[in-house]
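Below: the structure, in structure tokens.
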Amino acid sequence: MDPSSQVKKILIVEDDDSHAELIRRGFCENSELYQLTVATSLQEALASVQSQNFDIVLTDYLLPDGSGVDLVQKSARITPVVIMTSHGNEQLAVDAMKAGALDYVVKMPEVFGAMPRIVERALREWELMLEHKQAEEALLLQTRRLEHEVAERQLAQEALQAQALLLQNEIAERRQAQETLRLSEEKFSKAFDNAPMIMTITTRESGTFLDVNNRFLEVSGWDRSEVIGKSTTEVGWISSADRALLFESLNRDGHISGMALNLHPRGGRTIKAELYIETITVDGRERLLGIAIDVTERHKLEEQLRHSQKLEAVGLLAGGVAHDFNNILTVIGGYCEMLKLDLAPDTPLREKLMQISAAAERASNLTRSLLAFSRKGEVKAAPADLNLLVRGVERFLQRIIGEDITLSTSVPERSIWAVVDSGQIDQVLMNLAANARDAMPKGGRLFVELQHQEIDAAFVHAHGFGTPGEYALLTVSDTGEGMDEETRNRIFDPFFTTKVAGKGTGLGLAIVYGIVIQHKGFVNVYSEPGVGTTFRIYLPLVQPEKDCRSEAVAVEPCVRGSETILVAEDDPHVLDLVTSVLGQYGYSIIHAANGAEAVEKFRENDRIKLVLMDIIMPVMNGKEAADQIRRLRPEARILFTSGYTAEIIMSRCDLEEGAELIMKPVKPALLLKKVREMLDLTAQESSRGGGT
Ligand code: ADP
Ligand code: MG
């Protein structure tokens with residue numbers, strides 16, 4: 001609505017009635033447009049302004065109770081005020097304007113008539129001023145708002161920048177962490193996959209396989225798909241009892257370090273393992289990292305070491321016993337030989353004597369086996385045709401096993417040769433046959449088979465024993481009661497026997513073992529309770545040589561003599577034997593019990609033509625005694641005797657090259673022959689010496 005069309009409310013402040021009348025008249029032309037109110041004092045005017053709304057106030061400068069300026073000061077901000085002054089007081093009007101009056105008019109007759117115009121103009125101006133002020137305020141407001149906004153934006157931007165910086169740092173850090181993580185993950189997964197140990201990741205609660213490494217697959221024989229998602233007990237890798245044990249340890253210690261445990265791969269095998277378990281976090285969940293080291297091989301080696309140490313100890317003992325026993329056998333065998341020479345060829349006593357002699361020979365073989373077992377004795381190894389050996393021993397074996405057991409032997413068409421001590425291999429077969437007999441009290445069958453067998457790396461790998469090469473394989477199997485694993489593991493132990501006291505010595509197989517090892521071979525046993533037992537003996541092969549079968553020297557009739565011989569020997573039994581052999585054949589004997597005595601006796605008797613000198617003797621040994629005798633008489637004939645081999649004697653006692661040596665047990669025929677030879681040589685030399 002047009003504001004000018006409204007009725008304007010005007011307050012006129014004028015104490016002069018005539019002036020007020022003049023002003024009123026000034027509005028009378030359009031009186032319907034103006035509503036006039038007159039106040040005659042400042043107080044009245046202020047009260048009116050406060051109680052009513054006026055569009056405009058026209059006030060005289062001079063009021064009875066104050067100045068129009070007071071009114072201006074108190075109301076000019078709400079209502080436009082126009083000051084009226086008398087002519088000549090314009091300066092006052094200007095002051096009023098400074099205080100806030102909108103306009104001023106000088107009271108003159110023509111001004112009263114122009115009052116409506118003046119009011120309209122003032123109102124327009126007021127309007128403009130208001131608009132201007134509003135606009136200004138709005139602008140100010142907006143400016144403030146904008147300023148505020150800018151400040152806020154700035155703050156926000158700063159914050160954003162700070163955040164960006166933080167983010168950048170974080171990103172860099174994360175990248176670093178990610179890189180580190182990736183590296184460590186890569187390292188772990190490489191180590192996991194290719195570790196030489198068995199590695200698994202399982203859940204803690206049920207032991208379910210989450211991941212397994214290549215070594216696990218290799219050892220266990222399972223496919224990855226066969227185990228992932230299944231528990232360790234479900235697939236049979238760990239027994240339930242062991243799993244319970246593991247759990248207990250884990251709960252107590254938080255980890256497992258080197259627990260000895262059996263693992264069970266596919267196919268019913270058992271692996272001895274050392275187990276380590278740690279808890280790790282995978283994707284925020286606790287898992288078990290298991291590491292197992294296969295120690296089966298190590299166990300086997302330890303077992304072997306223990307076994308060989310035991311054998312070593314018993315070997316020492318057996319060696320000692322066998323040595324003394326050998327001396328006794330020398331005496332028995334020696335007297336048998338002497339009797340053979342004495343007896344008439346056709347006497348029935350001869351057969352009995354042969355039996356004693358054969359028994360002594362076998363006993364001597366047994367001592368050699370014992371020495372072989374103790375690794376002290378000398379193996380009289382020579383290339384031998386094993387076909388002949390097996391055929392030769394067949395008769396003995398049949399006698400050992402008796403009639404209730406059937407013996408079958410088989411040898412290949414082509415002969416198999418090996419470097420063996422035949423007596424010892426006989427012994428092996430006899431010991432095995434004796435055991436087979438004991439395992440078949442109600443009869444059964446015994447097979448002895450000789451074959452050619454090549455052992456390659458694959459064989460060694462599959463069986464866990466042996467060295468690649470060509471072998472003669474001797475198989476001895478029976479249909480007896482067999483043995484369980486516990487027995488089988490101990491049979492080669494010396495003195496291990498399952499037989500009643502008096503029946504078994506527990507030495508049979510220990511001797512077999514010793515002999516086979518000494519021949520650089522190996523022995524293997526296969527046995528099931530109630531089924532039977534098979535022993536396999538592998539002996540290294542040699543190519544056959546011509547004429548390598550040494551035949552016994554044909555016994556020539558022994559030549560008698562009459563010379564005097566000094567016998568230096570500390571063993572009284574051997575001394576007796578030698579003395580009676582030589583005495584019987586006409587020789588005169590002088591005894592000496594040790595080296596010193598021998599030198600003494602030699603000095604006293606210049607009839608002595610030959611000295612039979614044992615090398616190992618108390619007080620003074622044979623070698624020293626011989627040296628002293630040579631000093632007395634350089635041409636003295638000395639024949640050494642010893643139980644050791646020629647090599648040992650040469651290296652230990654440095655006998656001169658060409659020294660005459662005869663081995664114990666002394667064979668009488670050989671002794672007589674050697675003695676005669678040496679004496680004859682002396683006679684020839686002295687007769688030649690006499691001739692010149
Ligand atoms: P011994 O025969 O004196 O007991 P061995 O060393 O010869 O001692 O044998 C040791 C043990 O090995 C025997 O007591 C027996 O338990 C077992 N054994 C050896 N050979 C056989 C076999 N052929 N069958 C069954 N058990 C055997
Ligand atoms: Mg036995």
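Using the three backbone atoms N, Cα and C, a Cβ is placed for every residue, glycine included.
The predicted model assigns the domain 'Response regulatory' (9-122) a mean pLDDT of 87. Residues annotated as domain 'Response regulatory' in TrEMBL: 9-122 (among others).
Marked as domain 'PAS' by TrEMBL: 184-231.
Annotation source TrEMBL lists domain 'Histidine kinase' at 320-543.
Residues or ranges marked as domain 'Response regulatory' in TrEMBL: 564-679 (among others).
Annotation comment: TrEMBL describes ASP60 (among others) as 4-aspartylphosphate. For ASP60 (4-aspartylphosphate), the count of additional Cβ atoms within 10 Å of its Cβ stands at 25 [all protein chains shown].
Positions annotated as 4-aspartylphosphate by TrEMBL: ASP614 (among others). Around ASP614 (4-aspartylphosphate), the C-beta neighbours below 8 angstroms that are at least 6 residues distant in the chain are ALA568, GLU569, ASP570, ASP571, VAL574, GLY622, PHE640, THR641, SER642.
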